[in-house]
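Here is the structure we will look at, set down as structure tokens.
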């Protein structure tokens, strides 16, 4: 558990104080009023009491009854009719499950606009929930973080030990940060604004039933909201926004960050820059992805690799499978149908056939597979020894005879020794200087029968490793029957 910082908390909770009921609050029968009143006062104390609080005289000057003032604040925030009374619509809001971060102060950015001063953030899941398998939790968390990284120049790298920027855990009741959970329903989770100590940490109430679907509280939905706080956003008054404080299920596989959230997060970090070539980061696929027309396109594949006895060609949300020596029977499939964890837009891939494993790269992460079966959660590309300024791989190819993998990044490439498990010295080197006849940006690469095939735009260069020169050039689309 991190040490509680002196400031920068996203969660501001005060002690509950039960005052004498004011007749002006009454908007229910006497039988239900008392329970509504106590529930409402606890809710308002938790979510509508500003840190430090205004002076008592100021509170009285604004409203004869401070609770009426706070009820009106709640009604204004949620777009309700402003009555100052605990009417049915107001009580309906109060009874909804919600985030544990209060609604006071600025509704988009936290006071002082705290934000991270770096663009690579680490995260660690230190405690899991029994409601879901660890693999499901890992997937939901990764997808929730990815929802934000599509809009801003932030990348998230998972670590499995030590102190991360964003520590994630499932907790019960009083868990040591002074903001205890309240059991099933009520407060689902809370997060701390960027900063030292607890800054960025995100806690989920382990008393809830968490799920990847709708039979319980969807972890992706709640996690994506809480990570907005961990990045510096407050609550939004826009009911369509992810940062709206009450729970509303979002389908993880069809989710796109709403406009209000995009504006808020980009006000802190600016937009994510899109460079020529492949997208900087993958996009979550729509329900029915369209098939790229590579037969009439100047674009190349995103990645190419052998997998068993098949060649796989990746483009956007689609991949093609074909037997090496059989150019017929090639059909496209969605990436999610065979690799649900990858979702879309693979940057690079390669297979080490003698070990029976393959590697798939997206942004600063990679996945390991045996055949079409994922082997655990995503890992960081820095495991290979890349310098920190490298945030994505353009292409990768494994060379069987020297047992080395070449990684192409921009105009350069790195050489990784698969036997020693370390990056070779004196790299990176310039690609065009080292591979005679190869030109242009390398989008993908694969080795077959002693030749390296470099995919660059609409061209594929066949490079003879013995002659150390290109021996032919073909259309990239010819590989899938065009």
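Using N, Cα and C of the backbone, Cβ positions are placed for all residues, glycine too.
Copied from Swiss-Prot, the annotated features are:
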MOTIF     97-104  motif 'Cysteine switch'
BINDING   163, 164, 165, 196, 197, 199, 201  Ca(2+) 1 binding site
BINDING   175, 177, 190, 203  Zn(2+) 2 binding site
BINDING   182, 183, 185, 187, 205, 208  Ca(2+) 2 binding site
REPEAT    292-342  repeat 'Hemopexin 1'
DISULFID  295-482  disulfide bond
REPEAT    390-438  repeat 'Hemopexin 3'
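Features per Swiss-Prot, on structure.
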{"residue": "163", "record": "Ca(2+) 1 binding site", "CB count, 10 Å": "10"}
{"residue": "165", "record": "Ca(2+) 1 binding site", "CB count, 10 Å": "19"}
{"residue": "175", "record": "Zn(2+) 2 binding site", "CB count, 10 Å": "17"}
{"residue": "185", "record": "Ca(2+) 2 binding site", "CB count, 10 Å": "15"}
{"residue": "190", "record": "Zn(2+) 2 binding site", "CB count, 10 Å": "24"}
{"residue": "196", "record": "Ca(2+) 1 binding site", "CB count, 10 Å": "12"}
{"residue": "197", "record": "Ca(2+) 1 binding site", "CB count, 10 Å": "17"}
{"residue": "199", "record": "Ca(2+) 1 binding site", "CB count, 10 Å": "23"}
{"residue": "203", "record": "Zn(2+) 2 binding site", "CB count, 10 Å": "25"}
{"residue": "208", "record": "Ca(2+) 2 binding site", "CB count, 10 Å": "23"}
Least buried by Cβ count (within 10 Å) of the binding-site residues 182, 205: 182
Among 177, 201, the one of these binding-site residues whose Cβ has the fewest neighbouring Cβ atoms within 10 Å: 177
Confidence summary for the repeat 'Hemopexin 1' (292-342), mean pLDDT rounded: 78
Mapped DSSP class for residue 163 (Ca(2+) 1 binding site), helix or strand or coil: coil
From 165, 183, 199, 208, 482: recorded positions whose CA lies within 10 A of residue 190 (Zn(2+) 2 binding site): none
Cα-Cα distance linking residue 177 (Zn(2+) 2 binding site) and residue 197 (Ca(2+) 1 binding site), given in Å to the nearest integer: 11
Residue 175 (Zn(2+) 2 binding site) to residue 205 (Ca(2+) 2 binding site) - Cα separation in whole Å: 10
Among 164, 482, the most crowded of the recorded positions [Cβ within 10 Å]: 164
Candidate binding-site residues 163, 165, 196, 201, 203, pick with smallest Cα gap to residue 187 (Ca(2+) 2 binding site): 203
Cα-Cα distance linking residue 177 (Zn(2+) 2 binding site) and residue 201 (Ca(2+) 1 binding site), given in Å to the nearest integer: 10
